[in-house]
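As written in Swiss-Prot, here are the features:
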BINDING   Leu121, Gly125, His126, Leu127, Ser355, Pro356, Phe357  (6S)-5,6,7,8-tetrahydrofolate binding site
MOD_RES   Lys229  N6-(pyridoxal phosphate)lysine
SITE      His228  site 'Plays an important role in substrate specificity'
Amino acid sequence: MLKREMNIADYDADLWRAMEQEVVRQEEHIELIASENYTSPRVMQAQGSQLTNKYAEGYPGKRYYGGCEYVDIVEQLAIDRAKELFGADYANVQPHSGSQANVAVYSALLQPGDTVLGMNLAHGGHLTHGSPVNFSGKLYNIVPYGIDESGKIDYEDMASQAERYKPKMIIGGFSAYSGIVDWAKMREIADSIGAYFFVDMAHVAGLVAAGVYPNPVPHAHVVTTTTHKTLAGPRGGLILARGGDEELYKKLNSSVFPANQGGPLMHVIAGKAVALKEAMEPEFKVYQQQVAKNAKAMVAVFLERGYKVVSGGTDNHLFLLDLVDKNITGKDADAALGRANITVNKNSVPNDPKSPFVTSGVRIGSPAITRRGFKEEESRELAGWMCDVLDNITDEATIERIKQKVLAICARFPVYA
């Protein structure tokens, strides 16, 4: 018999120690990785529930296993909330991740060898949008599009590439682009050659839900997203669509299960349902508005201090620092800021002279600091500290001084009070 008082601390001290150390790290470090966020205790409660025990292959009302009457309710809640939140008439909440959601879309709509137009990884795209080291770059003929000299998406070049190569699919979305994407323009280009227009909005889904960033769902044939990042839910994926194309919806469902996944993770789907409900609350909109304000506040300080920001600013939750002119690598910047308890990630910049393992830039995002309660004042202060570190990247005294400031502000703004 299993006893509810069983716990990790008494049974596996080594594992528990590592888990507790991660809790301390999260509380005592400032998180600026654009794809990371803090989920709510309600989501974590769902993920630690007995739903983890239930196998439920299939979809609500059409399961291959018995005993699914209650997990059917859970999944249907998540589906209905996803559709309502994003203005879709189709939602699949089963993908285990954003990458898995993308796999399902590709395998539903493409054949190996088909031509796909996707954003260049070095210009802000994502691995699953055609990187040669990823399945997408290995299975499909990828034609990249990118940004112009101003740092904005080059729609003229995209249209030219589309006309020349006649891709079966055009991918919108990014992992390191700070501008507003013109979804309608991209759909127009796709329609001009009879291509599918697929959007991966993983990075901006929370902003979209709150009306802070344009919604791609009315424009795309299919949209995917993660449920963490700006949406602040559990780690997982969603597929969305609208337009009433039931044949498309059947293809997408079949591509998720049984083609690419087996049983859904019902405890995670419950977490998605909670997060989607939270995203409908008025305070979530206020939060997302503040995310955008904080990113802009940080950019202003970096520009004042003489740092180059790709595209010159941000219209969402993230931005890229281009450190080429400072003769600092992204790897060294990441390490120095890390010693000051500020977590970022090294990132390639356009025309980067360094390898992807070294890079010449760092990506910075505001969702996690905003979740802690940072406003513009704290965001500007933080950006100033980061400039102090980068201006004195080998000065351990400066790094230690900033670390103490970070510890103090983290104590003032705990992740979980």
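Even glycines carry a Cβ here, placed using N, Cα and C.
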Q. In the structure shown, with every protein chain counted, which of the binding-site residues Leu121, Leu127 has the densest set of Cβ atoms within 10 angstroms of its Cβ?
A. Leu121
Q: Using a 10 Å cut-off, grab the number of neighbouring Cβ atoms around the Cβ of His228 (site 'Plays an important role in substrate specificity'), all chains included.
A: 27
Q: Do me a favour and check the Cα-Cα span between His228 (site 'Plays an important role in substrate specificity') and Ser355 ((6S)-5,6,7,8-tetrahydrofolate binding site); whole Å is fine.
A: 28
**Q.** Residue pair Gly125 ((6S)-5,6,7,8-tetrahydrofolate binding site), the residue listed as 'N6-(pyridoxal phosphate)lysine' - Cα distance, angstrom, rounded
**A.** 16
Q.
What's the number of neighbouring CB atoms sitting within 10 A of the CB on Ser355 ((6S)-5,6,7,8-tetrahydrofolate binding site)?
A. 11
Q) Of His126, Lys229, the recorded positions given in the record, which has the fewest other CB atoms within 10 A of its CB? A) His126
Q: Between Phe357 ((6S)-5,6,7,8-tetrahydrofolate binding site) and the residue listed as 'N6-(pyridoxal phosphate)lysine', find the distance joining the two CA atoms and give it rounded to the nearest Å.
A: 23
**Q.** Which same-chain residues, if any, lie at least 6 apart from Pro356 ((6S)-5,6,7,8-tetrahydrofolate binding site) yet have Cβ under 8 Å of it
**A.** Ser348
Q.
Let me check the 10 A CB neighbour count of Phe357 ((6S)-5,6,7,8-tetrahydrofolate binding site). How many other CB atoms are there?
A. 10
Q | Cβ-Cβ neighbours of Gly125 ((6S)-5,6,7,8-tetrahydrofolate binding site) (radius 10 Å) | A | 24
